[in-house]
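Below: the structure, in structure tokens.
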Amino acid sequence: MADFWGGYLWPAIIIVLQCLAIILPMLGAIAYLTYAERKVIGAMQMRKGPNVVGPFGLLQPLADGVKLFLKETIIPTGANRAVFIIAPLMTFILALIAWAVIPFDAGWVVADINVGVLYLFAVSGLGVYGIIMAGWASNSKYAFLGGLRSAAQMVSYEVAMGLIIIAVILSAGSMNLSDIVEAQRQGVWYFIPHFPMFVMFLVSILAETNRAPFDLPEAEAELVSGYNVEYSAMPFALFFLGEYGNMILMSGITAILFLGGWLPPVDIAPFNWIPGIIWFFLKIALILFVFLWVRATFPRYRYDQLMRLGWKVFLPGSLIWVVLTAGFLVTFDMLPR
């Protein structure tokens, strides 16, 4: 019995607690990201935003959650019931499981694997399936077209994102996310030497998360909300939880790859007195603000413009940068040992 507790059950309980320690705060962060978005965009449009439910509207996300929870789930006639229900669950779960390899501070990671970057890339690549399944299972031409757009868009920008990440891996000499952060401790944050790729990566994560100005899969004027047009109640909410969860995830990945993860801006007092996890969350908040700022500022791209940018600008640009990075590191004997 002691062997069972020590060898199997206790480690399993610890893993479950670690997962809950990430998932529960993440759900709260997603809820209040929707509140922050409405407040920030309201301020940019010179209005108040939500201000009725609770002081300063702080209970608005809870009210929205209760409203969606109490609504009826309607499945359209002719829809594939099983796939229709699985699609939003898949989108939401994939947004959560990627956090297993994200280090919040030195040693603060659930699974510190040596191929953390590959794991993230694999999980983000699977995200498109939930949207395609939703579009196909809804038995609606608008939803189906939105799903196809999403697939083309995400695949197009994932290629460029992969090449940008290769440039960072070459500089750090590791695919372990903690090692990439520690490599930036020795020199400079990678957004300085790789600044063009940093800008490209920011634009690519906007496309990857289907956010404005690349929200073509849910273009209201053309597709009546796109792939989620037939969804209501909690399945509808799960799509938005997945979208906002992916926003936070991509912000965390950007902070790790280019902004030094949990490292302070300068390694001197009083900056290094602040815990690393605080710096990490501040960087995520900064990138999330960029998401909201872009949404309030830029009009939606046309579909052909979106594809042209991905295939004719980002793909060759990131490929050339990888070749230049590799050539520079080899020429000056700066490859990580």
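Any Cβ shown, glycine's included, is placed from N, Cα and C.
Per Swiss-Prot, the features are as follows:
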type: TRANSMEM; residues: 13-33; note: transmembrane segment
type: TRANSMEM; residues: 82-102; note: transmembrane segment
type: TRANSMEM; residues: 115-135; note: transmembrane segment
type: TRANSMEM; residues: 154-174; note: transmembrane segment
type: TRANSMEM; residues: 187-207; note: transmembrane segment
type: TRANSMEM; residues: 248-268; note: transmembrane segment
type: TRANSMEM; residues: 274-294; note: transmembrane segment
type: TRANSMEM; residues: 313-333; note: transmembrane segment
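The recorded stretches the transmembrane segment (187-207) and the transmembrane segment (82-102) do not share 3+ CB pairs below 8 A when only pairs 6 or more apart in sequence are counted, and are therefore not in contact. Across the candidate stretches 82-102, 248-268, 313-333, the maximum count of CB pairs under 8 A to the transmembrane segment (115-135) is reached by 82-102.
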